[in-house]
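These come from TrEMBL:
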- Lys174: active site (ACT_SITE)
- 4-165: domain '6-phosphogluconate dehydrogenase NADP-binding' (DOMAIN)
- 168-293: domain '3-hydroxyisobutyrate dehydrogenase-like NAD-binding' (DOMAIN)
Amino acid sequence: MTTVLFLGLGHMGGPMAANLAAAGHRVLGFDLVPEALEKARAAGVETVTDTAAAAAEADVVLTMLPHGRLVLDVYRGEDGDGGLLAAARPGTVFLDCSTIDVAEAREAAAAAEAAGMRAADAPVSGGQVGAEAGTLAFMVGASDEVYAEVLPLLEVMGARIVHCGAAGLGQAAKICNNMVLGITQIAVAEAFVLGERLGLQRQALYDVMSKASGQCWSLTTNCPVPGPVPGSPANRDFQPGFAGALMAKDLGLALAALDEQGVAADLGRLAQAKYAEYAAGEGAARDFSSIIEDIRASHTDRSEA
Ligand code: NAD
């Protein structure tokens, strides 16, 4: 049994913590939102108010937070108190499963190591459904030793776990993958809009593309038109799924990394700009595949011009 201090019991963290507790681990949970704490308690998590005291008991401090600045604040403290890095026992593993900037992930790992702790980043894909089912995919950045230590916990929460390299490289893999996802979801949407205009039946285009070189997840799982893939968000008025706001966030992280590394990546930058604009409006709360509606509308405008 491992004692895990779990910070961030939201859409993802809540069910992840519940799965760890159900597997027999001792889970000490903290969130700022009372309803999240209540839900976690009902799922077997021991909720705490004093996170520093809980960190001193923990083998692993696991964070599942909205962004990297929060992770750094939790690790180092906001007011010079040293945060949880000062409170935990030496050698405690700080495992961040949030999706954050690669540079911030490396900063967090360096701060942990400087404080005598060990660090890993393990962002996920699979959404809330995967978090509840314990079938998340984890992309892990950690030393071999730390990877081996966190693996049994990740296996409780996930079904596919890849060790991507040293600390920070889990985040790197996540943003590379999601950059492809953002680009391909737009590409598939453009193909369907063009097909519609040319008089192609959706199902016919799907039957061709799903067995041809246009095949990809954005088509065969997240098909942006209703019909060909009954489970895709397009069949339920684009309820997420993976919300546009989260895609915009991940592409923003990709953009930061592209800039930092000096990579041109025209399509990645275009996808980032499109999703940033889309998520500033109604696209924020809808599945990101709903960007097809935006593409359909702008197509109409142009043909009328
Ligand atoms: P969420 O907003 O539902 O949950 C985050 C939780 O963190 C909230 O309950 C919030 O109250 C809590 N929190 C904020 N500051 C805190 C602090 N200082 N201490 C303790 N708790 C604090 O977000 P989510 O959807 O669960 O996403 C969490 C992370 O997982 C994000 O980084 C997100 O990008 C990533 N992610 C989400 C999905 C998804 O489909 N939702 C998929 C993959 C990755």
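Here the Cβ of each residue, glycine as well, is placed from N, Cα and C on the backbone.
It should be emphasised that the depicted structure is a prediction, and the values quoted were computed from it without experimental measurement.
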(request) Count up the helix, strand and coil residues in the domain '3-hydroxyisobutyrate dehydrogenase-like NAD-binding' (168-293) according to DSSP, in that order. (result) 87 helix, 2 strand, 37 coil
(message) Long-range neighbours only, meaning 6 or more apart in sequence with Cβ under 8 Å: which ones does Lys174 (active site) have?
(response) Thr99, Pro123, Ser125, Met139, Asp250
(request) Would you mind giving the whole-number mean pLDDT across the domain '3-hydroxyisobutyrate dehydrogenase-like NAD-binding' (168-293)? (result) 97
